[in-house]
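Step one of this worksheet: look at the structure below.
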Amino acid sequence: MSIFPAQPSDKKAVEEGAAFMPRFDASGLITAIVTDARDGELLMVAHMNEEALRLTLETGIAHYWSRSRKTLWKKGETSGNLQSVVELRTDCDQDALWLKVHVAGDGPTCHTGRRSCFYRQVVSSGGKVALTMASDHDQ
């Protein structure tokens, strides 16, 4: 049984009410956008299932669901770069989350060792599309 109430058919209650009623997709997941609480930089996009969201709320440490490994994932548990949640928001229809976090340790969030998973820019030129390193990426 879910600790989160089901969404009512009343759209206004979902969009304007005070009840947190996350809407998980058909796979039982909700998208989580993660930014650095200090400077707002986009760090990563991940997914949470109900258990990951519950653990995040209970512990204050971000937990996610790994779609590739099909397992719960406490971000930074291996590297020491745990994500302490400073603020958690939901969007208007409660089907996406925004976590503002402080990253412990030496700071990389991406498994490649970079601060952000968004280190490449999509460039379209002369009918061709390619990836280039973003000018503000971290090594």
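Just so it is clear, glycine is given a Cβ too, placed from its N, Cα and C backbone atoms.
Values in this document were obtained by computation on a predicted structure and should not be read as measured data.
Features reported for this protein in Swiss-Prot:
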BINDING   Asp91, Asp93, Asp95  Mg(2+) binding site
BINDING   Cys92, Cys110, Cys117  Zn(2+) binding site
Shell of the Mg(2+) site beyond Asp91, Asp93, Asp95, same chain only (C-beta within 8 angstroms of their C-beta centre): Arg23, Thr90, Cys92, Gln94, Ala96
Cβ-based isolation winner (fewest other Cβ atoms within 10 Å) among the binding-site residues Cys92, Cys110, Cys117: Cys92
Asp93 (Mg(2+) binding site) - helix vs strand vs coil (DSSP): coil
Residue, out of the binding-site residues Asp93, Asp95, whose Cβ gathers the largest set of other Cβ atoms within 10 Å: Asp95
